[in-house]
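As recorded in Swiss-Prot, the features of this protein are as follows:
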SIGNAL    1-21  signal peptide
DISULFID  Cys75-Cys90  disulfide bond
DISULFID  Cys82-Cys95  disulfide bond
DISULFID  Cys89-Cys110  disulfide bond
Amino acid sequence: MNTVRVTFLLVFVVAVSLGQADKDENRMEMKDKTEQGKSYLHFAENLLLQKLEDVEAKLLEKDSEKSINSRQKRCIEEGVPCDENDPRCCSGLVCLKPTLRGIWYKSYYCYKK
C-alpha cells in the first residue's frame with residue numbers, strides 16, 4: 001500500500017509541477033497572441049486610413065476638375081430682363097434701365113458696359 005501511496009504522490013507532484021509550467025507557458029503564449037493581435041489591428045488601421053486618404057484624394061481631384069472645366073454659372077444674356085437687386089448678367093454686361101420705358105415688361109435689362 002505504501003508503494004501505491006508513494007507512486008500516487010509522485011504522480012501528483014509531477015502533474016502539479018508540469019501544470020504550473022503549462023500555466024506559465026500559456027500566459028506567455030497568450031501575451032504573444034495579444035501582441036500579435038495588436039500589431040494586426042495597427043496594420044489594419046493603417047491600411048484603412050490609407051484607403052480613406054486615397055478615396056479623399058480622388059474626390060478632391062474630381063472637385064478640382066469640375067472647378068477647372070466648369071463654365072460660368074447661369075447668367076442672363078444681353079437684352080434679357082434682370083433684377084436690380086440681384087443682377088445675374090453675364091460678364092461684360094450690366095443691369096440697367098432701358099432707354100424706352102413702358103415697352104418692356106420689366107424695368108431693368110442686361111446691356112453691354
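For all residues, glycine too, the Cβ spot is worked out from N, Cα and C.
On a predicted model such as this, the values are computed, not experimentally measured, just so you know.
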Neighbour count (Cβ, 10 Å) for Cys90 (disulfide bond): 14
Secondary structure of Cys95 (disulfide bond) (DSSP, helix/strand/coil): strand
Spatially closest candidate among Cys82, Cys89, Cys95, Cys110, the listed disulfide-bonded residues, to Cys75 (disulfide bond) (Cα to Cα): Cys89
Per-residue Cβ crowding (10 Å cut-off), top of disulfide-bonded residues Cys89, Cys95: Cys89
Assigned conformation of Cys89 (disulfide bond) - DSSP reduced to three states: strand
